[in-house]
Structure formats: structure tokens, C-alpha cells
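A.B. asks: Below, the features straight out of Swiss-Prot:
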| type | residues | note |
| --- | --- | --- |
| COMPBIAS | 29-38 | compositional bias 'Basic and acidic residues' |
| COMPBIAS | 39-48 | compositional bias 'Basic residues' |
| DISULFID | Cys199-Cys213 | disulfide bond |
| CARBOHYD | Asn141 | N-linked glycosylation site |
| CARBOHYD | Asn235 | N-linked glycosylation site |
| CARBOHYD | Asn275 | N-linked glycosylation site |
| REGION | 29-67 | region 'Disordered' |
| SIGNAL | 1-21 | signal peptide |
| TOPO_DOM | 22-281 | topological domain 'Extracellular' |
| TOPO_DOM | 303-314 | topological domain 'Cytoplasmic' |
| TOPO_DOM | 336-346 | topological domain 'Extracellular' |
| TOPO_DOM | 368-458 | topological domain 'Cytoplasmic' |
| TRANSMEM | 282-302 | transmembrane segment |
| TRANSMEM | 315-335 | transmembrane segment |
| TRANSMEM | 347-367 | transmembrane segment |
| TRANSMEM | 459-479 | transmembrane segment |
Amino acid sequence: MLAVQNMKFGIFLLWWGWVLAAESTAHWPGREVHEPSRKGSRPQRQRRGAHDDAHKQGSPILRRSSDITKSPLTKSEQLLRIDDHDFSMRPGFGGPAIPVGVDVQVESLDSISEVDMDFTMTLYLRHYWKDERLSFPSSNNLSMTFDGRLVKKIWVPDMFFVHSKRSFIHDTTTDNVMLRVQPDGKVLYSLRVTVTAMCNMDFSRFPLDTQTCSLEIESYAYTEDDLMLYWKKGNDSLKTDERISLSQFLIQEFHTTTKLAFYSSTGWYNRLYINFTLRRHIFFFLLQTYFPATLMVMLSWVSFWIDRRAVPARVPLGITTVLTMSTIITGVNASMPRVSYIKAVDIYLWVSFVFVFLSVLEYAAVNYLTTVQERKERKLREKISCTCGLPQPRGVMLDSSYSDGEVNDLGGYMPENGEKPDRMMVQLTLASERGSPQRKGQRGSYVSMRINTHAIDKYSRIIFPAAYILFNLIYWSIFS
């Protein structure tokens with residue numbers, strides 16, 4: 001009986017131990033309940049053994065492969081054996097310089113800025129070299145073409161534009177980059193670029209000037225000992241679109257040159273030049289600058305034919321022409337860089353301004369001499385009594401400012417030669433004092449003064465146009 005009870009108690013303990021073991025397996029932290037192995041899967045014991053082997057190697061977790069983060073190679077990349085070579089080094093490292101040929105096709109010359117002294121150009125830049133590491137077997141000897149994704153995995157020349165301000169590779173609709181590899185390892189690398197580069201301009205003959213600008217291409221890291229940069233086909237390496245045109249310039253010539261550039265810290269580099277010559281269209285500036293300035297000068301000459309006593313007419317005319325010339329000069333300089341030398345357009349505008357200003361000074365001189373003359377006439381009337389048979393009160397009307405109607409009130413008297421009323425006083429005085437020697441001397445002095453006053457306007461009508469025409473002949477013969 002005791003043996004039976006002990007057996008029951010042992011069975012109960014075994015059952016209770018099995019229950020506890022099952023619960024600990026299901027709820028123990030960090031453990032995982034494995035489903036029964038499916039058909040074709042590894043047995044649970046075998047997977048646990050692999051897990052234990054990983055722990056034996058000292059790693060708390062399962063180790064990953066060293067290149068698990070790498071993107072899988074495409075078939076073409078496997079054919080080129082991308083992973084078999086170190087493409088951070090140039091081809092033939094340690095040997096002679098690798099030749100890299102370049103050709104360029106200019107698509108457009110977008111803008112020329114005189115204020116910023118730069119130009120913007122869009123072009124196709126193509127590089128040619130040979131990298132035997134990229135050679136591949138081919139039964140039909142056909143090349144393979146890739147987009148820009150392969151460029152990041154192989155060696156390409158590190159070209160840059162010297163003196164460039166801004167540049168970018170076009171990316172519509174995708175990156176405009178092409179890579180073509182031939183079976184023998186020859187590579188063509190082409191990209192479409194827009195670059196804004198500096199251009200040193202000389203405006204001493206502006207706007208009758210001709211400018212020469214250059215786009216310079218150079219390797220950034222490789223000296224001439226590592227990379228030999230050259231134009232692949234000489235001058236034929238540069239192609240341009242026949243439809244290229246600019247609003248203000250005529251493109252005269254495109255040509256290429258090659259030079260060496262020296263940097264004191266790194267050495268000598270091959271540099272390629274794309275040179276182009278621009279001649280400015282003059283017709284726009286003839287209409288906007290030269291023609292208005294010439295009209296203002298000619299308009300200032302109109303005052304020479306206006307009566308010298310018409311102050312309200314001559315003074316505003318002179319001031320208007322001076323202010324207009326100032327506006328023209330300011331407008332031209334606003335669209336130009338602030339250079340420290342005189343431009344050709346400055347010479348023309350400032351000489352025209354001087355002519356306009358001299359016409360104002362000419363009237364100032366005429367008006368001053370007329371005022372002095374009238375003052376002397378007034379003094380002469382005070383000294384000479386009128387004996388022309390006219391009533392004494394009418395003598396007060398013989399002032400320099402009387403009108404034709406007032407002259408007709410002088411008893412119907414008019415001079416024989418039909419002179420203007422401004423000479424009436426002298427004629428009447430001379431008629432009454434004809435026999436006096438003293439009056440004859442005064443008459444000669446007065447007539448001489450009158451002739452000199454009229455001569456200023458008279459001679460200005462000839463001297464000013466003749467001098468301006470002479471200036472134009474000299475100016476256009478020098479700068480055209």
C-alpha cells in the first residue's frame with residue numbers, strides 16, 4: 001500500500017515537472033517558440049547547432065556577410081569586372097601619362113553680361129581615353145552604352161572649368177550623361193553642361209568694340225605627368241551650331257588652343273581653351289545713344305535764330321537740352337561696369353554735352369552784351385536832346401523795348417532802309433545830329449557796338465555746326 005502511494009506521488013511530481021517545463025519554454029524571456037519543421041526546411045536541432053556555433057565564435061548575434069550592403073552587380077558590370085579592379089587609381093598608374101582626348105560641341109551661347117563681365121554657354125563635353133581594365137570579350141565587337149550610374153563606379157577624368165562662376169549638368173528628364181565602352185577598353189564619356197565663366201572685357205572702344213572670351217578646361221588633380229589632355233581632332237574638335245546668335249553681338253570666330261598652366265604648389269597642368277570673338281552690333285546704340293545726343297546738340301543751335309531779347313524762349317531751350325544730355329549719359333553708364341578708363345561712347349556724349357553747354361553760355365554772353373548796350377543807349381538819350389521835330393513826350397517811347405505799333409506813333413516816321421525798331425533810336429539821333437562832328441564820333445562807336453552784338457549769334461550759326469561735323473568725322477574715322 002505504501003509502495004502504491006509512493007508511485008502515485010512520483011507520477012504526480014513528474015506530471016507537475018513536465019507542466020512547469022512546458023510553461024517555462026513558452027514564456028521564458030528571449031526565447032522563441034519554433035514551429036515544427038516544414039518539409040524541405042532544416043531540422044530544428046541543426047539550426048540550433050548553427051546558432052550555437054555563432055556564439056562559440058564570440059559574437060552575440062548572427063554575423064552578416066561583409067558586402068551585404070552592396071548593391072548587386074548587373075550582368076554588364078560583371079562582364080566589365082568592376083569588382084576586380086581598384087578604379088580609384090587612374091589607368092596605368094605608375095607608368096606614362098594617360099592620354100585623354102577632348103572634343104566639344106557648342107549648343108548655344110546664352111548671354112553676355114558687360115556688367116558682370118561673364119558669359120553663359122551650353123555645350124556637349126566629350127572625353128576619350130583607354131582603360132584596359134574595362135575590356136571585355138565580344139564576338140561581334142559591339143560597344144556597350146551606359147548611363148550616369150556606372151560613372152560613379154569607374155575612373156573618369158576630373159575635368160573642371162577654370163574661372164567658372166556657375167556650372168551644372170542637365171538632368172531633364174534624366175542626367176544628361178553617357179558612357180560608352182568598347183571591347184578593347186576604349187571609353188567615351190559625354191555630358192551636357194551649362195557653364196557661366198568670367199571674360200575679361202576691354203570697353204575702351206565701347207560700343208564699337210570687339211571682345212575675345214575663352215572657356216578653359218583643365219584637370220583638377222592630375223598634372224601633365226599623370227594625364228595628357230589634348231584636343232582629339234585639333235581645330236576640328238570644336239563644333240558649333242550654325243543657329244547660334246546674340247542680340248548685341250556678331251560671333252565672328254571659334255577656335256581652340258592648348259597651353260600649360262603652372263601652380264606653385266602642385267606643378268604643371270594641361271589646359272584647353274575654347275576661344276571665340278564677338279563684335280558688337282552698333283545699330284542699337286546708334287538709335288539709343290548717338291542719334292538722341294546728336295539731336296540734342298542740333299536742337300541747342302535753334303536758339304541762335306531766336307531773338308536775343310526772347311529770354312523765356314532761349315533759356316528753357318538751353319536748360320532742357322542740358323538736362324536731356326545728362327539723362328542720356330546717366331542711362332548709358334547705368335548699363336556698364338564702373339571702369340576706371342574712358343570709353344568711346346563717353347567721348348562722344350561728353351563732347352556733345354560741351355556743345356550744348358556752350359550754346360547756353362553763348363546766349364548768356366549775348367544777353368549780357370545786349371544789357372550793356374541798352375544801358376549805353378539810355379545814357380546816350382539822356383545826353384542828346386531830340387530835335388527831330390517830334391513832340392518831346394514821344395521821346396520817352398524810344399526805348400529798346402518798344403514795339404512796332406509804338407514806332408508807328410512817331411508821326412509816321414520809318415527809316416529809309418526798313419530797319420527794325422530796335423535801331424530807331426540811333427537813326428533818329430543820327431538824323432538830328434548829322435552835321436555835328438561830335439555826334440559822328442558817337443555814331444561810329446554805337447554802330448560798332450551793335451554790329452558786334454549781332455555777330456555773336458551770326459557767327460555761332462556757322463561755327464557750332466561746322467565744329468560738330470568736324471568732330472564727328474574725326475570720331476568715326478578713329479573708332480569705326
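Note that Cβ sites are derived from N, Cα and C of the backbone, with glycine treated the same way.
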A.B. asks: Reduce the DSSP letter at Asn141 (N-linked glycosylation site) to three states and note it down.
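C.D. replies: In three-state terms, Asn141 (N-linked glycosylation site) counts as coil.
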A.B. asks: Counting every protein chain present, what is the number of Cβ atoms, excluding its own, within 10 Å of the Cβ of Asn275 (N-linked glycosylation site)?
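C.D. replies: That number is 15.
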A.B. asks: If I take the alpha carbons of Asn141 (N-linked glycosylation site) and Asn235 (N-linked glycosylation site), what is the distance between them in whole Å?
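C.D. replies: If we compare the Cα positions of Asn141 (N-linked glycosylation site) and Asn235 (N-linked glycosylation site), the gap is 30 Å.
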A.B. asks: Provide the three-state DSSP residue tally for the topological domain 'Extracellular' (336-346): helix first, then strand, then coil.
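C.D. replies: Breakdown, helix to coil: 3 helix, 0 strand, 8 coil.
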A.B. asks: Over the span of the topological domain 'Cytoplasmic' (368-458), how high is the average pLDDT in this prediction?
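C.D. replies: Reported value for the topological domain 'Cytoplasmic' (368-458) is a mean pLDDT of 55.
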A.B. asks: Which sequence positions outside the transmembrane segment (315-335), separated from its termini by at least 6 residues, show Cβ-Cβ distances below 8 Å to it?
C.D. replies: 114-115, 289, 292-293, 296-297, 299-300, 302-303, 306, 345-346, 349-350, 352-353, 356-357, 359-360, 363
A.B. asks: Between the Cα atoms of Cys199 (disulfide bond) and Asn235 (N-linked glycosylation site), what distance do you get, rounded to the nearest Å?
C.D. replies: 21
A.B. asks: Measuring Cα to Cα, tell me the gap between Asn235 (N-linked glycosylation site) and Asn275 (N-linked glycosylation site) in whole angstrom.
C.D. replies: 11
A.B. asks: Any residues 6+ beyond the ends of the topological domain 'Extracellular' (336-346) with a Cβ under 8 Å from its own?
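C.D. replies: Here the qualifying positions are 114-115, 117, 203-209, 285, 289, 329, 479.
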